[in-house]
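Working notes, structure below.
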Amino acid sequence: MSRPGSRRGSRRLSQPTSGGVPMFYFELDTSECPDAQDNAPRPMITEYVPGRKGSGRSDLALSKFKCKENGVSVAVTNGSTTPLVENPIEDEEAGTYDPFKHRHLEHPTTDLDTLIHLLKGSLGTGILSMPLAFKNAGLFFGLVATFTIGFICTYCVHVLVKCAHELCRRTRVPSLDFADVAETAFSCGPSAVQKFSRLARAVINTFLVIDLLGCCCVYLVFVATNLQQVVNHYTGSDLSVQMYMIIMLAPLIPLNLIRNLKYLSPFSMVANLLIGTGMAITFYYILTDLPSVSERPSFSTWPQLPLFFGTAIFALEGIGVVMPLENNMKTPTHFIGCPGVLNTGMGVVVSLYALVGFFGYLKYGDITEGSITLNLPQDPLAQSVKVMIALAIFLTYALQFYVPMEIIRKGFIDVHLRKYPVASEYILRVSLVLLTVGVAIAIPHLGPFISLVGAVCLSTLGLMFPAVIEIVTFWDTPGGLGAGNWKVYKNLAIIAFGILGFVTGTYVSIQEFVHEFSKHP
């Protein structure tokens, strides 16, 4: 029904479902609203309506519009069931919306909880590959470069979270995830980029899916390689790594048919205990009978540096878990404060990675493998470490698999396969497990695989995208890009660094694959 006196603009509402999910559809063109805050063209806001072509998502307000209807100020906030005339005046008119006060979390996490989750999400198989990264960089250059890349990655997370906070205030929504931040930044950004908002969301989600499924493939190679060493040593069999991956399908498929994250928590607890115990024993072996630092080169060679970059950023980059953690904090302002949860957590992570890389390469030198566990001796204690960490990573696969599956379910199954959602999800789960196993079988070389995933996915997600998002978010904000627009040049430098790592890391990783296949077809 059009408002009297307007040539365009429509609003249509329907009641929420019994489950409380808003099912209203709202369209408002404010190009002719007399009291709009600005005259710049703005995107149309739509609430997702299942089955309605062209409707948007249900969980994100892309912008806010104001008009007056019968003399009453009206604010349109997407995804809200609050009556349209009951918004606080201070939020509406003074622009003092505080997203943190509007977060209603059933079980918010404390600073310590968030720190533990951040460490858990950042400490994975990457730490075991850091000695290989140092092998490709040199002992002391690798140490300096690890802390440098760690600083840049942490800074880019700061940029992403600050942009999320700014966009939450602009759009008056309590929280945004990574893809939401990208879409909202483009939707509320300069008019020239607004049409790319959905593309920005799709690109972020695509890289997240590729990254996380790529990590699942790395996990499979890691588990199969460690099991091969142990089982073949004690049984005298000669099974290939590929055969172990095929055998793992039997428990892997049922494990990944679990659809509720709650039921995966016990597996996560067991995995944490196994990894903690395994790493403690690994440190015992690494720190025993260390050679002199003079026996290792301080710098390797320039052609090897891209492999270092890919491996290091794969190990250090936990950007996929950042926004969910921040969105569930009891005091989100403590996340990027000083020292803050993020700085503390990343400081611990980078230090641990640097220590493992430095001493692991110092211990094993040129014979350093793609995972430090593969360098451990053949005695029973060391073999138990391989089994413990392999089992922990196997159990972690289901948790890693859960996130890309959720992205695909919301973006594909809930949109195109709503008629048979459960059956479609089960079929897709099995298909994706088979896909990851197939990719791992085709590329069974751990070192180049880790470098490739890091170079392709994490250089874009962790470096380039946050820089682009900051430019778009503050482009139209007076002073938002700093004096002389220095933030533009800073972000362009980060983007150039990410592109350099992407191109060189991918190229060198593919070269390494060719070299490995020529030696071990």
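All positions are counted from 1 along the displayed chain.
Placement of Cβ uses the backbone N, Cα and C atoms for every residue, glycine included.
Residues annotated as region 'Disordered' in TrEMBL: 1-21, 33-52. Annotated compositional bias 'Basic residues' per TrEMBL: 1-11, in sequence order. Residues annotated as domain 'Amino acid transporter transmembrane' in TrEMBL: 109-511. Among the features that TrEMBL reports, transmembrane segment is placed at 140-161, 202-221, 241-258, 270-287, 307-325, 337-361, 381-405, 426-443, 449-472, 492-510.
Segment contact holds for the transmembrane segment (140-161) and the transmembrane segment (337-361), given three or more CB pairs below 8 angstroms at sequence separation of 6 or more.
Listed by sequence, the residues of this chain that lie at least six past the ends of the transmembrane segment (202-221) yet keep a Cβ under 8 A from its Cβ atoms are 124-125, 178-179, 182, 241, 245, 248, 320, 393-394, 396-397, 400-401, 403-404, 407-408, 411, 432, 435-437, 439-440, 443-446, 449-450, 452-453, 456-458, 460-461, 465. Ranked by Cβ pairs under 8 Å to the transmembrane segment (449-472), the stretches 241-258, 426-443, 492-510 are led by 492-510. Within the chain carrying the transmembrane segment (241-258), a Cβ under 8 angstroms from the stretch's Cβ atoms is held by residues 220-221, 223-225, 227-228, 231, 264, 267, 394-395, 397-398, 401, 426, 429-430, 433-434, 437, 440-441, 444, all 6 or more beyond its ends.
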